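Per TrEMBL, these features apply:
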type     : residues : note
DOMAIN   : 79-146   : domain 'Anoctamin dimerisation'
DOMAIN   : 149-719  : domain 'Anoctamin transmembrane'
TRANSMEM : 157-186  : transmembrane segment
TRANSMEM : 236-255  : transmembrane segment
TRANSMEM : 301-327  : transmembrane segment
TRANSMEM : 347-364  : transmembrane segment
TRANSMEM : 390-413  : transmembrane segment
TRANSMEM : 523-549  : transmembrane segment
TRANSMEM : 570-597  : transmembrane segment
TRANSMEM : 681-706  : transmembrane segment
Amino acid sequence: QNEEKWDFVLVSDIHAMGSEKEIKRKKFLDELSKKGFTIKKIEDTKLFYGVRAPQQIFRKYQCLLGKPDSKLQNHSAPQDIPVTTRIRIVHYILQNTVTSDFEKLRHLIKKKVFEAAFPLHEKEEVREFLKEKWARWRGIFSEQPIEKIRCYFGEKVALYFAWLGWYTCLLGVAALAGVVTFVAGITVFSSSQVSREICEANTTIMCPLCDQKCPFWVLSDTCTYAKVTHMIDNEATVVFAMFMAIWATVFLELWKRQRAIVVTDWDLYRWDEEEEELAMELINNLQQKPRLYQHSYFRSTIVLLLVLLMIVLLIGIAHALVIYRVIATALFTQSSFGLLREQANTMAVMTGAVLHYVTIVVMTKVNRRVALFLCNLEKPRTFSQQENNFTVKIFTFQFFTNFSSLIYIAFFLGRINGRPGHYVRIAGRWRLEECHPSGCITDLFIQMAIIMVLKQTISNVMEYLIPWVAHKLRKKHKQPKKRSMRLGEEEEAEDPCKRQWLSNYELNEVNIFSLFNEFLEMVIQYSFTTIFVAAFPLAPLLAFFNNLFEIHLDAIKMVRLHRRMVPRKANDIGIWLQVLEAIGILAVIGNGLVIAITSDFIPMQVYKYMYSPCVRENRTDMDCSTGYINHSLSIFRIRDFEPYTDVPEMLPDFDRDEIKEYRDYRNADDYTYTVQFWHIFAARLAFLILFEHVALCVKLIAAWYIPDVPQRVKNGILRRKHSDLCKELRWVMPQKV
């Protein structure tokens with residue numbers, strides 16, 4: 001036999017003879033030997049133990065589960081089972097073999113008895129194909145070889161890439177719609193009546209933006225900002241938001257169909273994960289009793305309280321970002337640098353967005369540890385259950401980490417800050433930020449653009465560079481020792497396994513959540529692409545280009561830079577589907593709220609149909625939004641400023657005692673809300689209810705209209721059932737005769 005095949009390799013430091021670690025290692029290896037495993041030892045800078053399971057283990061598996069992998073078998077060796085299944089069975093046995101000290105492999109790895117345990121990247125035809133055709137940047141527009149990915153990495157990884165490919169494909173449609181919306185906005189860049197009014201308002205004096213050193217300012221100074229705002233905030237945005245709510249549903253429904261086709265081809269449509277787990281337990285230990293389902297209300301209550309505590313902490317971090325922006329605005333307005341002083345609010349938004357990105361990076365690591373701790377508290381029955389519990393918790397934490405700041409900007413910024421003469425203040429000193437007279441949607445646009453660009457550039461570069469550099473360093477670290485070994489043992493032929501095991505050991509470590517990390521990254525991106533897409537129509541385009549690279553980045557990592565992942569069997573993407581459906585509902589709510597609250601769409605419609613010259617004077621020769629800006633400003637008397645406000649010098653050519661203006665709907669006498677404010681409030685509420693009900697109804701209709709399972713899959717299953725029943729009947733019929 002020229003090349004020996006080994007299922008797994010265990011790596012250990014060289015321990016002193018008779019030491020506690022050496023004894024524990026020997027006990028574990030003895031337990032494997034009792035189960036019929038073949039073990040081969042190779043010594044280098046570390047000790048390497050190759051393990052190969054006996055054929056009877058795999059025969060038991062085929063016997064228990066009725067040869068479920070028959071489609072993957074090599075025709076020249078009909079008794080063999082796929083390498084992916086071999087690795088999965090051996091991995092389960094290794095993880096569940098108990099020594100006489102009642103220790104499992106994970107305990108021994110914690111105690112540094114073993115350093116690592118991994119399956120080998122084989123130099124087989126499938127891997128070479130994946131390496132050359134798939135895990136290369138030049139194959140970026142090529143179709144993914146899903147079947148070959150399945151043969152090498154197992155069903156779970158193959159389904160991830162099938163889902164990611166499908167998502168990217170349909171993102172192309174959403175990206176096109178987003179670009180059309182954005183281009184439609186650019187066409188009204190200078191022609192919008194509202195932005196034209198702001199640009200011409202050179203006699204409208206606005207209240208100072210801060211308490212100290214901030215001047216009165218003329219509304220026309222913000223002409224460019226107004227044009228940008230109305231480029232994002234227009235009628236096309238409302239249509240696009242509705243489109244994206246429907247797109248999210250159609251995408252999921254079409255994915256369910258695609259998944260049904262794929263898993264039916266793999267003969268896994270009716271595969272039972274629980275049955276597989278029980279079979280594995282019995283193969284490992286015939287006396288093993290099944291682990292029963294358990295539920296503790298006390299433990300669940302503790303976990304729930306800790307989750308709520310963590311959410312409060314994440315909201316607290318969002319509040320800290322708000323405080324930073326408030327203080328940064330105050331400091332920038334007092335700067336001696338002219339440009340910084342003039343653009344204080346925009347600079348505070350941009351630096352706040354960068355700081356938000358930093359908190360996302362830091363809190364992602366914290367969230368992972370907390371979610372894992374909470375999962376261990378729950379004591380899940382199986383790994384699959386643990387993964388589901390972990391998914392729900394980490395997604396909840398990541399959602400609040402990523403979106404708390406965006407939720408504040410979208411729905412609270414400029415709405416809870418009070419009014420001139422009676423501002424809401426932090427610590428009684430710094431007043432909260434105000435919205436621009438054109439609205440707050442541009443702030444949301446800037447925040448989303450910065451976070452998405454940073455996440456998709458820096459994060460992806462680091463995701464590739466860290467494993468690549470780590471791999472190069474590990475190889476470099478190993479080389480000197482290898483040379484000294486060769487000098488000392490020149491005559492001795494090198495074991496063919498040694499080089500292969502060493503090269504696999506030099507690759508980056510993978511853990512049980514390696515694939516989970518990729519899913520989480522994509523689902524958070526999907527959230528950005530759908531939930532606040534009304535404020536940032538280019539989000540699908542950014543996501544589309546990112547995913548073209550992401551597919552091949554993940555492929556290169558898995559095939560070239562990381563050790564082989566333990567293949568896992570699956571017939572769907574698991575609990576991620578429910579998470580994606582929840583995001584679809586949040587997208588309807590989020591976009592409805594953005595249009596109703598953040599956007600100026602509703603106030604403008606109320607003005608057009610209730611207060612404009614078209615209604616009041618029955619005029620049809622002018623744009624109905626004429627006079628909107630002047631109508632949306634309220635009057636403030638300078639003498640009513642708070643005592644500690646440093647009232648600035650009046651602008652030249654204007655009377656100091658003139659009344660000044662600010663963005664709100666209040667009476668000039670007592671600063672109470674006007675009737676128009678309540679009309680707009682009612683219209684916002686009515687639109688929100690209407691938008692969400694219409695969008696949810698359309699989603700339900702789309703879900704009903706597109707069947708989850710295609711007809712050919714249903715008919716194929718029906719024919720197979722009929723065929724099986726006919727075979728059963730043939731066995732019965734002769735006995736009756």
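Every residue, even glycine, has its Cβ placed from backbone N, Cα and C.
Within the same chain, residues 144, 146-147, 149-150, 230-232, 234, 236-237, 239-240, 243-244, 247, 250-251, 254-255, 258-259, 262-263, 515, 518-519, 522, 526, 529, 533, 537-541, 543-544, 547-548, 550-551, 554-555, 558, 565, 567-568, 570, 572-573 sit at least 6 positions outside the transmembrane segment (157-186) and bring their C-beta atoms closer than 8 Å to a C-beta of that stretch. According to DSSP, the domain 'Anoctamin dimerisation' (79-146) comprises 34 helix, 3 strand, 31 coil.
Here the transmembrane segment (390-413) has long-range neighbours at 307, 310-311, 314-315, 317-318, 321-322, 352, 356, 359-360, 363-364, 367-368, 370-372, 374-375, 433, 435, 440, 443-444, 447-448, 451, 513, 516, 520, 523-524, 527-528, 531-532, 535, 574-576, 579, 590, 593-594, 597-598, meaning same-chain residues at least 6 beyond its ends whose C-beta is under 8 angstroms from one of its own. Counting C-beta pairs under 8 angstroms (sequence separation of 6 or more), the transmembrane segment (681-706) reaches the transmembrane segment (236-255) with 3 or more such pairs. Here the listed stretches are 347-364, 523-549, 570-597, and the one with the most C-beta pairs under 8 angstroms to the transmembrane segment (236-255) is 570-597.
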